[in-house]
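Per TrEMBL, the features are:
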- B:CYS47, B:CYS50, B:HIS51, B:MET91: heme c 1 binding site (BINDING)
- B:CYS150, B:CYS153, B:HIS154, B:MET196: heme c 2 binding site (BINDING)
- B:129-219: domain 'Cytochrome c' (DOMAIN)
- B:1-26: signal peptide (SIGNAL)
Amino acid sequence: MKMRHLGWTLLVLVLLLGAAAGGIVALNLRGEDPLPEQAEAFNATPQRVERGRYLALAGNCAGCHTTRGGQPYAGGLPIETPFGTVYSSNLTPDAQNGIGSWSSAHFWRAMHNGRSKDGRLLYPAFPYPNFTQVTREDSDAIYAYLRSLPPAPAPNLAHRLRFPYDTQAALAVWRALSFKPEAFVANTAKPAEWNRGAYLVGGLGHCIACHGSRDSLGATQVKLGLSGGLIAAENWYAPSLADPHQAGLADWPTADVVALLKNGVAPRGSVMGPMADVVFRSTQHLSEADLAAMASYLKDLPGVPAQAVAPVRPAAATTRRDAGTMARGAKIYDQQCAYCHGDQGQGAPGAFPPLAGNRAVNMAETTNLIQVIAHGGYLPSTAGNPRPYGMPPFGQVLDAGDVAAVLTYIRGSWGNDSAPVTQLDTMRR
Amino acid sequence: MTKNNVVRRIVAIALLLLSHGICAMAATPAPPAAPSASGIEQRVAACIACHGREGATTNAGYFPRLSGKPAGYLFNQLRSFRDGRRFNADMNYMVQHLSDAYLMEMAEYFAGLDLPYPPVSPVSDAPPAQLARGRQLALEGDAARQIPACVQCHGAALTGVQPAIPGLLGLPRLYVSSQLGAWLTSERHALAPDCMADIGRRMTTADINAVASWLAVQPMPADPKPAASLPAALPMRCGGMPK
């Protein structure tokens, strides 16, 4: 009897497992059109190639698919993730190592369904959860452009992921839970410009890859929108584009949003860290019309209603700052910072940003401030700002205690009234 | 791993540790001179935290002096940091999004500065035999091992040659030895043909220590400026120098 009982249990288990596997396979195949039996004729007109070049810039494809100083689109860049290192692939038309043997249908399947030519599932470090919204027409244009590039023989590098993330089975489970191919659906209640912006921001722009939060399996949480996220591998915080206390744009003139994306600098902000890279490689190359469309969408994000926002800054009387830390910070500020940012944190118009009243300085999340002090950086050279100003890498001269003290001072002076920064904050990642 | 590779790795690690420890000695910035119409002084203010006021560090720490170096050399280095031929995390990060035109403007600004050099201390903890070996390498080279003398390319006075060969005097010993070490371990590159990489790979760590020690105690000549040209052709082709 016992044996028979065990047999039934095993049978049920096998059937359940089989059903689960079948379900996962089915979920991975949903929305996937069969490949045409014969490669269809593809007409790469000069206009199509040029359109593809532009769209590849909008998607910042080269940002990941090019190593520093390497041949553009030849891949090989290591991309750090919490699950291991993923290497970008060779997108040039090399027959062996690139996409030389791919048809436009193969390329579309990669963009829309996240499946490679050989049938393997792709890792979502390639942001196909966003690119799935890209139209077939735009996918074909990018394909035409990539096929026009000089082929690079660079072989693709094997990813270095931990078990079980290195298995196709794990990826299939992830996709069943977190990915569904879907076309972009226009919001008919909104004007065409807004929809164009939504298409660019949500599709090729893949802004949510940084400005959104991710669940424990690394999937972007679409429901939370562009409400900010920590870029774990780079230790930068991509601020919320919906929160007026972070990088919300609702009260910015459209022209200022366009200027920030086009030039890297605007009257009330500038780009550093990973966003400097985005402006340098991608958005500075986009048309004013497309940038204005993105602005129109971003300014209209369903943000936290202003009246419901809890005051981020506590009342002055309740913020306790250590007098010794403030004195230490003041001394460092006078020696290292005041020359550019002014003795009252007022900055220098057109050159160095003010620190007094600057929302990037007063954000609750201090990761970026610590990064900027440690590593400095120049704003990107763009057509509209070809000779940018820069910040020195003070990690060379300031230790963790110095950084905490000077930030505490800056965040507690000239009307700024934000929480002190501790030495622990400067070491956290 | 071959024995040679092990040695190279150890040298690289030692130099890395050395350079990181030394970075803490960076100069404290002071306000630069009155701004010019181009505002370039303010635009390169980011450089002074490490390279000193107007790019004029002393030879005491690690960071190399920028003032008065040939513009072509500085431009090549800035491009190399941007494009991945030279590695220094801070420098790679600082220049990653800057255009050729802007990097050239920065290079020309620092090249055009004519600032006095601080006196060089003649005191060295290097043994006399090591200094003698360094002098020999710098002035005569080592023909048997196809190592040309420094003076063959860097100028008779070792103050560099226009438009793109750097001077070797007035630099921190640690900086010179770590750069030679980076050539030895293939961690520093220049435009092809990469002549210094070829020379660096022929040197030993003993050669590097010797020549860096000797260079670091040489006084600046009365005219510290780079020579306008070389009296003879370069002993090998160098991608950084226009033909």
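A Cβ is built for glycine as well, from the same backbone N, Cα and C atoms used for every other residue.
Residue with the densest Cβ environment among the binding-site residues B:CYS50, B:MET91, B:CYS150, B:CYS153, B:MET196: B:CYS50, by other Cβ atoms within 10 Å.
A gap of 25 Å separates the Cα atoms of B:MET196 (heme c 2 binding site) and B:CYS50 (heme c 1 binding site). In this structure the alpha carbons, written CA, of B:HIS51 (heme c 1 binding site) and B:HIS154 (heme c 2 binding site) are 22 Å apart. Here the CA atom of B:CYS50 (heme c 1 binding site) lies 28 Å from the CA atom of B:CYS153 (heme c 2 binding site). Chain A has a C-beta under 8 angstroms from the C-beta of B:CYS47, B:CYS50, taken from the binding-site residues B:CYS47, B:CYS50, B:MET91, B:MET196. Among the record's heme c 1 binders, B:CYS47, B:CYS50, B:HIS51, B:MET91, no two C-alpha atoms are more than 11 Å apart, and one pair sits at exactly that spread. Compute the center of the Cβ atoms of B:CYS150, B:CYS153, B:HIS154, B:MET196, which mark the site for heme c 2; besides them, the chain residues with Cβ within 8 Å of that center are B:PRO148, B:VAL151, B:GLN152, B:ILE165, B:LEU168, B:ILE199. Note: B:HIS154 (heme c 2 binding site) has non-local neighbours B:GLY160, B:VAL161, B:ILE165, B:PRO166, B:GLY167, B:LEU168, i.e. same-chain residues 6+ apart with C-beta under 8 A of its own C-beta.
Counting every protein chain shown, the Cβ of B:HIS51 (heme c 1 binding site) has 22 other Cβ atoms within 10 Å.
The average per-residue pLDDT of the prediction over the domain 'Cytochrome c' (B:129-219) is 95, rounded to a whole number. For the pair formed by B:MET91 (heme c 1 binding site) and B:CYS150 (heme c 2 binding site), distance between Cα atoms is given as 26 Å, rounded to the nearest Å. A straight line from the CA of B:CYS150 (heme c 2 binding site) to the CA of B:CYS47 (heme c 1 binding site) spans 28 Å. DSSP assigns B:CYS150 (heme c 2 binding site) to a helix in the three-state reduction. In the structure as shown, the Cβ atom of B:CYS47 (heme c 1 binding site) sits within 10 Å of 24 other Cβ atoms.
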